[in-house]
Amino acid sequence: MASYPCHQHASAFDQAARSRGHNNRRTALRPRRQQKATEVRLEQKMPTLLRVYIDGPHGMGKTTTTQLLVALGSRDDIVYVPEPMTYWRVLGASETIANIYTTQHRLDQGEISAGDAAVVMTSAQITMGMPYAVTDAVLAPHIGGEAGSSHAPPPALTLIFDRHPIAALLCYPAARYLMGSMTPQAVLAFVALIPPTLPGTNIVLGALPEDRHIDRLAKRQRPGERLDLAMLAAIRRVYGLLANTVRYLQGGGSWREDWGQLSGAAVPPQGAEPQSNAGPRPHIGDTLFTLFRAPELLAPNGDLYNVFAWALDVLAKRLRPMHVFILDYDQSPAGCRDALLQLTSGMVQTHVTTPGSIPTICDLARTFAREMGEAN
C-alpha cells in the first residue's frame, strides 16, 4: 500500500498527542489522588455512628430487648427506630399484617388458589418493605467509611433499628415462598430491590429453642397476627439459611461455582439455629441459594435463566459485607439486654460524612418513629 506524506504526518501527530495525553492524564491523576486522600483524612475526623439492626423471626423478644437497651442511654446518644406499624396499618395500606395472615389462612383452607394468594402477598410485601427501603436511601448519604471496632471510642450516636430492609425484601418473602403463597420469581424481584449494603451494617439475629419461641409468640398480642406454626417454622428456617449464607460468602463461597452441588430437593422446614462466623464454611445446600433451584427459574437446559442468575449475584453482593451477630434469647429480658450490650462492643462503627450528619440522622430517626411507629 502506498504511503502518503499526510498519513505520515497524521501518524506522527497522533503519537505526539497520545504521548502528551498520557502525561496529562498522569498529571491530572495526582490532584485527584491528593483530593481523595484529603477527603479520607477529613472523614476520619468526623464523628462516628453505630447502626444496629435487630432482626430475626417475629416473637423472639426483639422489641422488648431493644427497648430495654435504649433505656440505658440518654436521649441524645441512642435513638430507637421502631417497626413502621402505623404505615403498615394505615398510611401504606389498611391492616397489611392482618391481610397477610388472612390470605395465608384462606390458602391453607383451600378457599383461594396459590396464584390468588401470591398476588395479595406480593402487594402486601411491597407495603411492608417500603418504609425500610426509603429510610435506608435517605440515610445513605450520611454514611462514610468504617471506623473499625477494636479500641474505638464510643460513637457520637447509636441507632437501633427494629429490622433491616432484608426482613421485608428477602426473609419474609422467602418464608412465604416456602409456605406456597409467593412465587420464586417474586422473591427474586424483591431481592433485586434490596438497597446496597452500607458500611457498618451490624445485624443481630436471634437463637431461641422452638418450643420456647412458640410459647412467647402465643403470649404476645400484635394487631392482625395469627399463631401460624407452619409460618414460624418457615421463617426460622429462612433466618438460619441467611446466617449460613453470610458465612458462606465471607468464607469465599461462590454460588456460581457451587451451583452444581445443589440437588433441587425440597428445602427441609427445620434447620439448626443461626450460628456466628465460627466454624467451617457452610455447604451451599445450607444457604439461601438452595431455595432458587426451582423449576420455574430454570431454562430448558437446566441452567438458571440469566435474569434470575443476575438476581442471585445481587443477593451475594448485598449479603457479603454484612456484620452478623447472634443473640441468645433463651434468657430473661434483662439478660437479653445485657448480652446485646456486650455484642455492641464488637460491632463496626462508621464515620459520618458531614459535620451536620449526626443531628440530621437524629431528626430522621425521630421523624420515622413519630410518623410511622406503633399506632395508637
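Just so it is clear, glycine is given a Cβ too, placed from its N, Cα and C backbone atoms.
With TYR101, GLN125 listed by Swiss-Prot as binding substrate, the candidate from ARG222, ARG236, ARG237 annotated for that site turns out to be ARG222. Of the listed candidates (ARG212, ARG216, ARG226, ARG247), Swiss-Prot assigns ARG216 to the same ATP site as GLY56, PRO57, HIS58, GLY59, MET60, GLY61, LYS62, THR63. Of all the binding-site residues listed (HIS58, LYS62, ARG216, ARG222), LYS62 sits in the most crowded Cβ setting, with the most other Cβ atoms within 10 Å. The Cα atom of MET60 (ATP binding site) lies nearest to that of ARG222, taking the binding-site residues TYR101, GLN125, ARG222 as the candidates. Around GLY56 (ATP binding site), the C-beta neighbours below 8 angstroms that are at least 6 residues distant in the chain are LYS62, VAL204, LEU205, GLY206, TYR239, PRO274. When Cβ atoms from all protein chains are considered, those within 10 Å of GLN125 (substrate binding site) total 22, not counting its own.
Cβ atoms within 8 Å of the centroid of the Cβ atoms of GLY56, PRO57, HIS58, GLY59, MET60, GLY61, LYS62, THR63, ARG216 (the ATP site) belong to the same-chain residues GLY206, LEU208, HIS213, LEU217, TYR329, site residues excluded. Listed binding-site residues: MET60, TYR101. The one with the lowest count of other Cβ atoms within 10 Å of its Cβ is TYR101.
DSSP assigns GLN125 (substrate binding site) to a helix in the three-state reduction.
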